[in-house]
């Protein structure tokens with residue numbers, strides 16, 4: 001079996017085209033909008049939750065160009081941090097909607113969430129013909145017409161995300177697995193996982209400053225991996241970043257890139273915050 005590559009895409013300010021504003025389109029918006037992407041939504045009708053949640057500008061009668069019969073709405077105050085749609089086109093899809101004003105710009109992802117499967121397939125092949133095979137396209141409920149799949153996401157705080165994917169075979173089962181993982185974390189008690197991620201990020205940034213040369217990349221990675229393993233899930237949230245950076249400096253400079261850490265018991269007693 002050929003496997004999928006699971007990646008965490010950075011979509012901030014990237015142009016996304018979503019065709020279809022129904023129930024499935026709404027689920028896509030919940031995942032896409034928080035990424036700060038510049039999303040254009042094409043649909044003649046919208047799910048009742050879309051405007052109040054992601055597109056209040058669409059029915060803002062205070063806008064100078066507001067009209068009841070308007071076909072195109074651009075968010076005048078769009079910002080990647082505001083969790084809003086950038087543009088709404090009140091219409092069925094037309095081929096011309098693939099055009100972008102800036103010829104140097106491009107759609108990062110194109111998705112269809114419409115019940116017309118033949119039209120969805122046509123749009124898929126049109127995108128490939130116009131933009132090349134590398135264009136990322138996703139057709140809802142058609143795994144063969146998907147360059148990527150939406151999995152079941154488990155978010156712990158703002159920074160720790162876990163993706164469960166069945167590679168398009170059974171999204172619901174993926175969601176059940178996600179829920180089981182959530183329950184396991186709940187049973188394990190308060191591990192302060194987001195705090196752990198933040199502190200480990202600070203630690204990695206610090207060791208990059210202490211060992212900035214490219215030739216030191218492998219040592220930095222090996223040191224960070226070994227350090228994380230020694231503290232484990234239960235204790236990473238409590239690490240003392242400053243003390244560990246001092247330890248790194250000694251092991252890197254004075255001990256000639258040593259990976260021989262102090263015993264775990266000593267680490268937990270001397271390199272955790274009081």
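One-based numbering along the chain as shown.
Even glycines carry a Cβ here, placed using N, Cα and C.
Given the structure is predicted, the values throughout are model-derived calculations rather than measurements.
Now, the feature entries from Swiss-Prot:
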type     : residues               : note
ACT_SITE : 141                    : active site, proton acceptor
BINDING  : 23, 24, 43, 44, 45, 93 : NAD(+) binding site
Binding residues 23, 24, 43, 44, 45, 93 (NAD(+)) - maximum C-alpha distance in whole Å: 17
Residue 141 (active site, proton acceptor) and residue 44 (NAD(+) binding site), Cα-Cα, nearest whole angstrom: 20
Lowest local Cβ density (other Cβ within 10 Å) among recorded positions: 23, 141: 23
Rounded inter-Cα distance in Å - residue 23 (NAD(+) binding site), residue 141 (active site, proton acceptor): 13
Other CB atoms within 10 A, centred on residue 24 (NAD(+) binding site): 18
All-chain count of other Cβ atoms within 10 Å of residue 44 (NAD(+) binding site): 13
